[in-house]
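Here is what Swiss-Prot says about this protein:
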COMPBIAS  1-17  compositional bias 'Basic and acidic residues'
TOPO_DOM  1-305  topological domain 'Cytoplasmic'
REGION    1-39  region 'Disordered'
COMPBIAS  25-34  compositional bias 'Polar residues'
REGION    71-147  region 'Disordered'
COMPBIAS  105-126  compositional bias 'Low complexity'
REGION    164-283  region 'Disordered'
COMPBIAS  190-205  compositional bias 'Low complexity'
COMPBIAS  211-272  compositional bias 'Pro residues'
TRANSMEM  306-326  transmembrane segment
TOPO_DOM  327-347  topological domain 'Extracellular'
CARBOHYD  ASN339  N-linked glycosylation site
TRANSMEM  348-368  transmembrane segment
TOPO_DOM  369-389  topological domain 'Cytoplasmic'
TRANSMEM  390-406  transmembrane segment
TOPO_DOM  407-423  topological domain 'Extracellular'
CARBOHYD  ASN423  N-linked glycosylation site
TRANSMEM  424-444  transmembrane segment
TOPO_DOM  445-452  topological domain 'Cytoplasmic'
Amino acid sequence: MGLRDSLKEREDRRSSEEEGDARQSWMTRESTTGWRKESTAALGTPVADWQCVLLLQFGALQQKLLKAFPRAGPRPTTTLVPARPERARKKPHSQPPPSTHMALQAQATASPSPSPSPTRGRTGSGEWPDDAEKLPIAATASPARSSDAVELVVVASTRHAAAAKYVPRRSTSHTADPNPGRGGGGGSAGWYSWNGGRTRTAAPPRHARADPPPAPPRRQQPVEAPPPPPPPPPPPAPAPALPPPVPPSPPAPAQAPVPPSATAPAPAPVPAPRASSPHVQFRSADQVVPNILSRKRRAAAMQRTALLARGAAAGLCLAALAVLAADTRKGWARDSYSNYTQFRYSEAVNVIGFIYSVFQFVALVELMRRNKHLIPHPKRDLFDFTMDQVLTYLLISSSSSATARVSDLIDNWGSDPFPSMANGSIAISFLAFAVFAICSLISAYNLFRRDV
């Protein structure tokens, strides 16, 4: 029986605790909702739930402190008052946000015995217990306070911090404005700030002054160039080298003192370098036109030299191939140049050299007459230089091989008209090689010159 009674008692206690927690949650929610509605109606702007909860919890904390540390005399009751609703309705632009002007004001009233303050449940939650009373909202009028009444204004802060400050009693009003009737329109002492003080009333707007006319721009004075630095002083003359020490000698007879005029003269100072005169620059500018004219004359001379070289190369190649082509059925053996590879090679190179020289001769004549070349300028110099180098190598190669073959024929069969005519053609090919070498130098100059 004892165990059953204890279990039943525990279940009843648990059910009562759950019922108390539910009632406490409902009362907290109802208190928060009522506070938000009344504060919104008073201030004209919505109030957040956390502000109401903060004020309610602060009142509970105050009740706990008063219960833990009782004071002699009447116990103050807590009244939650929104700070200056009349001012907020009249001048909404001059008030701070409503979250920073919710005030908690405690006034002392006579009470015979301290009433039990609301405490938190044993569950450790932040809600109000079952017997917590809903805090009333202050009306426009309130009962008179006793002579020893004090005023405690607690200002709710933002969600980061809160501050409380004791403010002495100033009037019998329970509103946040200690001077409600002065200045018209709900008092002129200002709002209670976060630290318990009052902010000053905003000054009347001043009439905007007309902007002064812009100052005229200042004239910029020309900057004077600093004078040129003085020339550096001449370097000091080197000290004369001391003569080598002379070994002591027997004393000589005393000589007359040397007059001061006979001493060595001091070295003359080195003259400072003279600044270049401005006419030197004009002299270099005057040399531009003669340089251009001399460049043109040099280019014309090079063209005439190249024209003569091309004509000579064409004539020599034509003579060499004609002599070698006529060397057929000559000598005692009735031999011909076409029977030998070296002679055919020399004949082909002379034909190519003749055709190329004629083409270059015609192109130079057109350039000198009409100032227009058959090949564009960027490619012309490279083409001339390459062809001159190749034909020069081919001429010296073919002439050398033909010379070796003629020497072999003379050594084996003796001298007759056939090798003699071949020797004549080879000699003319060597002369054509020399002319092509000169043409190669001219084309290299035209390719790599910088005055183009």
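Cβ atoms here come from the backbone N, Cα and C positions, even for glycine.
Below 8 angstroms of C-beta separation, residues 303, 306-307, 310-311, 313-314, 317-318, 320-321, 324, 374-375, 384, 387, 391, 394-395, 397-398, 425, 429, 432, 436, 439 of the same chain, each at least six residues beyond the ends of the transmembrane segment (348-368), sit close to that stretch. The list of residues near the transmembrane segment (390-406) in space but at least 6 beyond its ends in sequence, with Cβ under 8 angstroms from a Cβ of it, reads 340, 342-343, 345-346, 348-350, 352-353, 356, 419, 422-423, 425-426, 429-430, 432-433, 436-437, 440. Spacing of ASN423 (N-linked glycosylation site) relative to ASN339 (N-linked glycosylation site) is 16 Å (Cα to Cα, whole number). For ASN339 (N-linked glycosylation site), the Cβ neighbour count at a 10 Å cut-off comes to 10, with all displayed protein chains included. Listed by sequence, the residues of this chain that lie at least six past the ends of the transmembrane segment (424-444) yet keep a Cβ under 8 A from its Cβ atoms are 302, 305-306, 309-310, 312-313, 316-317, 319-321, 323-324, 327, 346, 349-350, 353, 360, 381, 384-385, 388-389, 391-392, 395-396, 398-399, 402-403, 406. Through the fold, the topological domain 'Extracellular' (327-347) approaches residues 320-321, 398-399, 401-402, 404-405, 413, 416-419, 421-422, 425-426, 429 of its own chain, all at least 6 residues removed from its boundaries and within a Cβ separation under 8 Å. Residues 356, 360, 362-363, 436, 439-440, 443-444, 446-447 of the same chain lie 6+ residues outside the topological domain 'Cytoplasmic' (369-389) yet bring a C-beta within less than 8 angstroms of a C-beta in it. When DSSP labels each residue, the topological domain 'Cytoplasmic' (369-389) comes out as 15 helix, 0 strand, 6 coil, counted as helix, strand and coil in that order.
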